[in-house]
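Some notes on the structure that comes next.
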Amino acid sequence: MNDDLFPSDETPARRQRRTTQSRTARSGTTQSGTIQAEATQPGTIQAGGAPAGMPGSGESYGAEQIEVLEGLEPVRRRPGMYIGGTDDTAYHHLASEILDNAMDEAVAGHASVIDVALEGARLLMVRDNGRGIPVDPHPKFRDRSALEVIFTTLHAGGKFSGKAYDTSGGLHGVGSSVVNALSDRLEVEVAREKRLWRQDYARGKPVTPLEEIGKAPNRRGTTIRFSPDPEIFGTLSFSPQRLYRLCCSKAALFRGVTIRWHVDPALIRAGDETPVEATIHFPNGLADSLNAELGETPALLAPAWAGEADLPQAADGRTGGRLEWAVAFLEHGASSMTSYCNTIPTPQGGTHEAGFRAALVKGFRAWGDQRSMKRAASVTADDILGALAVKLSVFIRDPHFQGQTKEKLTTQEASRLVEGALRDRLDHWLGGNPSQADNLLAFMIERAEERLRRKESKDTPRKSATRRLRLPGKLTDCTRENAADTELFLVEGDSAGGSARQARDRETQAVLPLRGKILNVASATADKLKANQELRDLIEAMGCGSGAQFDAERLRYGRIIIMTDADVDGAHIASLLMTFFYREMPDLIRRGHLYLAQPPLYRLTHGAKTVYAMDDEDRVRCLKRDFKPGAKVEISRFKGLGEMPVKDLKQTTMDPARRTLLRVITPPEERAVTSERVESLMGRKPELRFRFIQDHARTAELLDI
Ligand SMILES: Nc1ncnc2c1ncn2[C@@H]1O[C@H](COP(=O)(O)OP(=O)(O)OP(=O)(O)O)[C@@H](O)[C@H]1O
Ligand SMILES: [Mg+2]
Ligand SMILES: [Mg+2]
């Protein structure tokens, strides 16, 4: 019957008709029967594209369409599957993979020092003083060394059985080979048994054999130097700040390691405070890093509650792993939770976080019972967890993560193990510090009661419909009535306000100067927010209400444009404002009303020619592109919008015909993440806030309006 349906000399067009018939006839032909009959060259690699004569036709789908990618080809073809994409985060994930391997070596007790050096914008070196990747021939592929197998084969590694490592972050055996596949250059040097070995690769393929290049009498360990491939990542490069922060977080996770950081000073951009050199070591682990991060943030308990516990041994007597935590109880909002498993960050949480939460909630509830505090009954998990800044790190055997970027821990028993171990320690601690424990619980009860009050006020009907329109005195309004074609510029300070007023189009552009830094909304309570004059003016000027009262129909302008100075302070204010809108008027963003103006930082003039540059990098680019080499170009740096000549401000930043605006968006799939990011970044250090705006410039849509 198959023979009848698929005679071998049939033309594709005829076969197409026939197949259609057979589908309708449904004469018992199975799918696999079809595939078998058409399979002429199983396992060949297709150049891609549909066979001639039937472009894109669904009916051409047969065995010849099934490709088998070999070696590291799949990694280059579908990087997303291995590193989550080809964006900035994916780019830096390559660094994590290599650093994670060095950390695994340290956590296993074989390495104590890791050097991380950013030698070029896209050249990173990582060296550890561990055992060194094995260089002897691999028993299974006798003509290749274990090292070469590791770097050129997916799923090759020493962490599957737990014989060479106990609680490693590596588990898939793909990290090194993925980095190799996606690098246009990768060099490995291994010092092992007093000998020094080296092999070079390009795009996943060896370009030299593994060679002994000398003696290494006093050294051991692995050195890897690599450059992510521009064919895959375009013009991306490493961010010193991001790498430095990665090193700090790794060092905090394991007290037994020292990370020596170095970056070529030429790579540090103006305003970036990343050190050129640093020795990173946290003798008190997570507690050190949490306290450093919280800085001045008011907390009920300082220093944080921190500790360590061993997890129960497995039935076979092998180590069960361990748990480390640091918890701060914050006076207002801005809760955060950073978790790790085997030093791998798990931003999506997972079973270890679930165990942690359960232990805390149950522990405090039980304390309430024990102290007969009746009001404690209204306290929910959110009331407790919403006031915590948490760092949690677990080391377990054989962890299971979701995907190669390992953002979520899925090991089921982690939840029970963490809950058990932590609950024990929490009960002990509460019992040992009863007055402190009572204070904490009283604070949680207060949070619960505030939540109930908020809910009540939300349920009362809006009475604003007939409210008389009040406008703040500082607002310079535009004359046109129709909201859709008008814009409100939010500017920083009165002097910038003055320039903006002169540079604006009176008919369609309104200006509202905001004084100083607006309140950091992520860490303020609802009451404090309401009391803040700057924010009240802002809400009034916009006319649309905030929070539960927000009503897009009443918005008085079509575009709300944040226009701050092109420096770190400006970025900070812009990010505070974005946080405010994100928290209080998320619909404003969703509906595409929020924008960032893009004022330049430099003006370059030579003769009659004037060019504006956005930042230092842009200035260098413009100099090269727009002026003759050697020309005496006059460069002025604008100290702030207030000092920028009105004509320049109009031309570059405000005039709808010539400016560029960035629209602030929250992509739907990122919404959950964004909320977390806003919460965790806004509560803390200014540098973090700066990064938020830089990163978000990437997710913001570029629009010329
Ligand atoms: N710095 C290092 N020192 C010693 N051995 C290493 C080092 N880097 C890699 N290896 C060895 O190479 C193996 C493969 O590393 P790779 O990163 O590819 O996979 P993995 O770490 O086992 O798992 P994952 O894919 O989850 O990272 C490791 O299991 C380890 O045996
Ligand atoms: Mg690894
Ligand atoms: Mg591998």
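A Cβ is built for glycine as well, from the same backbone N, Cα and C atoms used for every other residue.
Note: TrEMBL annotation is automatic and uncurated.
Among the features that TrEMBL reports, region 'Disordered' is placed at 1-60.
If you look up TrEMBL, you'll see 21-34 (among others) marked as compositional bias 'Low complexity'.
Per TrEMBL, compositional bias 'Polar residues' is recorded for 35-44.
If you look up TrEMBL, you'll see 47-58 (among others) marked as compositional bias 'Low complexity'.
Neighbour list (LEU171 (ATP binding site), Cβ cut-off 8 Å, at least 6 residues apart, same chain): GLY157, LYS159, PHE160, ASP398, PRO399, PHE401. In this structure, LEU171 (ATP binding site) belongs to neither helix nor strand by DSSP; it is coil. Annotation source TrEMBL lists ATP binding site at TYR61, ASN101, ASP128, GLY170, LEU171, HIS172, GLY173, VAL174, GLY175, SER176, LYS406.
With DSSP classes pooled into helix, strand and coil, the tally for the domain 'Toprim' (486-600) is 58 helix, 21 strand, 36 coil. Annotated domain 'Toprim' per TrEMBL: 486-600, in sequence order.
The annotation site 'Interaction with DNA' is assigned in TrEMBL to ASN520 (among others).
Taking all protein chains in view, 20 other C-beta atoms sit within 10 angstroms of the C-beta of HIS572 (site 'Interaction with DNA'). The site 'Interaction with DNA' annotation in TrEMBL covers HIS572 (among others).
Summarising the annotation, TrEMBL assigns site 'Interaction with DNA' to ARG689 (among others).
Fewest Cβ neighbours within 10 Å among the binding-site residues GLY173, GLY175: that distinction goes to GLY173. Residues from the recorded positions list (TYR61, LEU171, GLY175, LYS406, HIS572) with a C-beta closer than 6 Å to any atom of ligand 1: LEU171, GLY175. Checking the binding-site residues TYR61, ASP128, LYS406 against ligand 3, not one has its Cβ under 6 Å from it. Listed recorded positions: ASP128, LEU171, GLY175, LYS406, HIS572. Those with a CB atom under 6 Å from ligand 2: GLY175. A distance of 37 Å separates the Cα atom of ASP128 (ATP binding site) from that of HIS572 (site 'Interaction with DNA').
Cα of GLY173 (ATP binding site) to Cα of HIS572 (site 'Interaction with DNA'): a span of 41 Å.
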